[in-house]
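Inspection log for the structure reproduced underneath, given as structure tokens.
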Amino acid sequence: MAAAVTRDELARSMSRKASFSSPSKRGWASASIHEAIMTSRDDVFQSSGRQDDEEELRWAAIERLPTYDRMRKGILKQVLDNGRVVHEEVDFAHLSMQDKKHIMDNMMKAFEDDSERLLLRLRERIDRVGINLPQCEIRFEHLSVEGDAFVGSRALPTLYNSTINVLEGILCFLRLFPSKKKAVKILHDVSGIVKPSRMTLLLGPPSSGKTTLLKALAGKLGEDLREGGKITYCGHDLKEFIPQRTCAYISQHDLHHGEMTVRETLDFSGRCFGVGARDEMLAELSRREKQSGIKPDPQIDSFMKAIAVAGQKSSLVTDYVLKVLGVDICADTMVGDEMRRGISGGQKKRVTTGEMLVGPAKVFLMDEISTGLDSSTTFQIVKYMRQMVHIMDITMIVSLLQPAPETFDLFDDLILLSEGQIVYQGPRDQVLDFFESVGFKCPERKGVADFLQEVTSKKDQEQYWSKKTEPYRYISVPEFIHRFESFYIGQKIFGELGIPYDKSNVHPAALVREKYGISNKNLFEACLSREWLLMKRNSFVYIFKTTQITIMALFTFTVFFRTKMKPGHIDDGGKFYGALFFSLINVMFNGMAELAMTIFRLPVFFKQRDALFYPAWAFALPIWLLRIPISIMESGIWVILTYYTVGFAPAASRFFRQYLAFVGVHQMALGLFRFIAALGRTQVVANTLGTFTLLLVFVLGGFIIAKDDLQPWMKWAYYLSPMSYGQNAIVLVEFLDPRWSTPNDDGRFAGSTAGLELLAARGMFTEEHWYWICVIALFGFSLFFNICFVAALTFLKPLGESKSASSNQEDGSKKNKLACSKWKVAIEGRTTPEQANASDAATATERRGMVLPFKPLSLSFDHVNYYVDMPAEMKSQGVEETRLRLLQDVSGAFRPGVLTALMGVSGAGKTTLMDVLAGRKTGGYIEGDISISGYPKNQETFARVSGYCEQNDIHSPHVTIYESLLYSAWLRLPADVNKATRQANLFLMKRGGQVIYAGPLGQNSQQLIEYFEAIEGVSKIKYGYNPATWMLEVSSAAVESQLDLDFAEIYSNSDLNRRNGELIRKLSTPAQESQDLYFPTKYSQPFLTQFIACLWKQHWSYWRNPQYNVIRFFMTTIIGLIFGIIFWNKGNKIHKQQDLSNLLGAMYAAVLFLGGTNTSAVQSVVAIERTVFYREKAAGMFSALPYAFAQVTVETIYVGIQTFIYSLLLYSMIGFEWDATKFMWFYYYVFMCFVYFTLYGMMLVALTPSYQIAAIVMSFFLSFWNLFSGFLIPRMQIPIWWRWYYWGSPVAWTIYGLVTSQVGDKMDNVHVPEHGDIPVKEYLKQFLGYDSDFLPYVALAHVGWALLFFFVFVYGIKVLNFQRR
């Protein structure tokens, strides 16, 4: 619906009789949560006069205003410190944050935080003036969803399978080969009705089809799935309206910008969704109340008017939702991500829910919204949803995996899914009757939800069989469905489906037909505001980039210093060319960080785009516009620092011309990198595509190989390269200056002056007007790439995982099982897989399993406190403390034989305490004592005897579940372990990190119940109520406030705490004749076993990562072919200096670009594995050295294959002499080059906190390697103060080795301008400093570079930990 209403629209709205009581053109499309908010508390419609004359006069003045103005003016009541009541007239379109907070506080205080009272008064007001709320009924009939997937041995995404799949896909597309994919049914012929005003629970075991059903109903199914059947909203097909705006699908995946706070995240969502028809409803309410003589309470009126103003950056709706979801306490905390500390997992899940609740949808489809939430918080949230559904006529389906009994009882209806089919749909309170009619009964003290998910399972069904007179037999899902069709509830539903929905009763506001919630202008402003916020939060990246280009500019003018740059002669032109080319690539590559940053933003973008937050252009345009000042600044820094210090043409006009050209180059580069990121969509693919594109742009730019030396049929590509226009623009500015007008006396060269000859020799343009054409072309390319960026964002879908079915379905999987069993024997028997292969006891070992004896240990902790530095957001709000305490004097003890449950509401500090005890905190300040069986905890030995199952699932993505367990057991188990559980304890914490109960539960939690019921004012537990939920409810902050109690203080003064203190003191004292934990070795396994295990895991990780390795080999082949074509037969054509320059350029480009690709691509792979490494290292599984050796070994094997493909193509196509020795030298140098480039990328990830920073640092040092490679400026021409760094550039050694090994022994003459004919060998030695006798040392230096990067990589991952925990 439209976000704002004009005066004319309001006039028309008021002239329509009974706009909301009967179907109208616009209607009220935004009832949902906004209805809950609009009429908040004390919605008193007073017909009597005001007691306060001043208030009466102000109200009368507002009543006389035109409707448009009256909707935006109101009276805000405030009580001053002296008790005086003040009534102030306010404009709700320009409310301050203090005014909004005041309104919200008044509303919450009046209703005592009771949302149900608020909703009831809202509905009462709406009904009083005769407004009907829109309702939406969903029907789905014979709905089936299926997809195609590989099964058996083809299911795993190995390199072989991926290659075969691509080839097969091409052949299938050409109809030359049938597909081997099998059709997999996800949903099979399901039908049902979801009614408004009834809370529906979607229940089913994992993989039963819950998410697919919700996505189908929301119109969000993937294009690769086939859908059959019919889905209607109020009788209308999904194509007749906008389902994404009518309903809100809440995903089970939490995707948010970690740099934004919780409030900012919800504010942005609410701003994009708009106010719907709240403004029109407010106008209609005002009109009807005025006609009826009803004067609304000024506070209520103020609240409604405040939330009816569209386009506001911050809304009261956000504050209300924050309060309802219980995340108001962390509203100004960063959401956080994998590497940035933020809110807890449960709070993040609530943010995902709140992101949609602030919108105007009438239908909510919620997928697994309780993940990470405690049962009490889940209950409170679902309770509010129930109130909203019942009172405001909302339609809602909520999918929960294991709801607690009290949460389950809140629902009205139930849909039970199993094996993609609906087993039951109908009233929740009658589901047990259905299953009892079939023969299954839910036992007492058994949660109904758990019973329902187990009763359809073949494994668990028998225990619930209740017909003792009949023998049990397995009841399959199809038989359950058949029974339900004859059950009276099923008959009723199918009978109702047979009657078509009466469309004449549909409220026009029930279905949304406008694609976006606010105008294009407001959408752009919202996205622009957010982009500016994200840039400020990522200011370090931009400061780093600016610092980088500044440092590079300083180095550049010291290398190409003006005292060493003599203009006017052809000999001197080469250095100027090198300086200009290096400037060009620096300005261009400084924008490469845009690729990594865009990729990082895409997951959230795709989620918000598909939910119709905004169109793609609204996301892309602010990025483009806000980068223009950065282009101007960075280009300005470069030109100001280098132009006159290098000694370019001194005229001011030429200075500004070069500046303008560099701004165009930078803008073009940013657009290109953004487009590549949107095209690739994942880090590995985008990096590979980016390097490949840059290779073409670079090589065809006119410097590495002259335009006239390209094959005639390839010259068109020169004109398509944006870099050629940048190169031409800057060289035209320089070489057409009068100081390059020295006459050219050599008749063999066409240029009449030195400047024209320098331009013509490399095929550059030679006329002044071409500069302006080139600049216009650069900005044209920038526009083109940004348009392509928008198009890619608009039409491309996020790259999903390949779909596969179980690998057990074909005989080929038996080989995998056999292989795994060999590794299992190797682990248990501490042998190698080869030894296990020869063992006859393998099968017996599998049958016996493992006996796991261990020494019982106790863990006690006394007065543990944990602090972090005070967040900047809280400091900005006036908090003076420097530290924030997250754990407060926490004491307790965990004993062997006692199973302890650590519980507390979300945000209580459960994960924080576990991290502290497990030794996983990487930051903050820890106080207190932690003891293991009386001895102070030593983290190294404790890691050997402890296992920490973290909240976040951090695993290598390309190994199977079984292999992950196998790998962990291999490295962690030194012997066998035993198990015994005799008692259950509870350790309960409240928000703020304080303990409120620590002790035994007792039979059926009786001791826990007695403890809390003994506290005065605490309500007794109801019969059959879940003690866990009751415990969290009665100990909540709200109850503490009502009863004026502090449960932490009560516990600290209790006898229970005193007994626990005595126990802690006892356990903190070593027993007689006991010994502290000691292990003769730091790790369970020796170095070699660690290496073999890590190598085994890395092998599978790489073999099953086709996105990385298949693309690597594919791009290597393509790049090899392209280079071979561009430099075709250049190895035999050495007659003039330019020929040698082309050959040098071929070697330079061949190693720099593919090497750079390896550096860039490996970083994303290592970054993922690094997070897993942190967890495994903290668990004491291995040391850094064998892990690094394993990863480098696997990489080296793949690099060896890559090098062979590349060398074979390049060597043969460039036309080098076919000599075995020369080919081996060529292979060796390329191989070692790729190895050190790969290790360099791995090293940077280990040394930097994030992939984005690693990418920036990578380009920074690659620029140095590039500058001192010997190609841009030969070693003999580098100033003496920088010549030493030539030997510090690995690329220089590689080019030295490649060129010298191939042509360093040739005595053929080459013509050099102003020097005549010189033998190739002498030219290389005299002008480039290449000596063939130095080759062995060059070969040795390559080994040195590889070892240097390897050991720094090892040091980085061993010593540095960038996880913030």
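Every residue number used here counts from 1 along the chain in the order it is shown.
Backbone N, Cα and C define each Cβ position, glycine as well.
Curation does not apply to TrEMBL; its annotations are automatic.
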Inset, instruction - Examine the ranges 377-398, 685-706 and name the one recorded by TrEMBL as transmembrane segment. - result: 685-706
Inset, instruction - Can you dig out which of the ranges 884-903, 1084-1103, 1284-1303 TrEMBL describes as transmembrane segment? - result: 1284-1303
Legend entry - Annotated stretch (transmembrane segment, per TrEMBL) among the listed ranges 540-561, 606-627: 540-561
Legend entry - Residue numbers, six or more beyond the limits of the transmembrane segment (685-706), whose CB comes under 8 Å of its CB atoms: 577, 581, 585, 592, 595, 599, 672-673, 676-677, 679, 714, 717-718, 720-724, 726-728, 761-764, 799, 1107, 1111-1112, 1115, 1118-1119, 1122-1123, 1126-1127, 1138, 1142, 1145-1146, 1148-1149, 1153-1154, 1156-1157, 1160-1161, 1163-1164
Inset, instruction - Flag the pair the transmembrane segment (1226-1247) / the transmembrane segment (540-561) as in contact if three or more Cβ pairs fall under 8 Å (sequence separation 6 or more). - result: no
Inset, instruction - Decide whether the stretches the transmembrane segment (1253-1272) and the transmembrane segment (540-561) have at least 3 CB pairs under 8 angstroms, with pairs required to be 6 or more apart in sequence. - result: yes
Legend entry - Highest-contact recorded stretch vs the transmembrane segment (1140-1168), from 659-679, 770-796, 1284-1303, 1334-1357, CB pairs under 8 Å: 1284-1303
Inset, instruction - Please indicate, using numbers and ranges, the residues of the same chain that are 6 or more beyond the transmembrane segment (1110-1128) and have a C-beta under 8 Å from a C-beta there. - result: 159, 162-163, 166, 684-685, 688, 691-692, 695-696, 699-700, 705, 710-711, 714, 1142-1143, 1146, 1149-1150, 1153-1154, 1157-1158, 1161, 1198, 1201-1202, 1205-1206, 1208-1210, 1212-1215
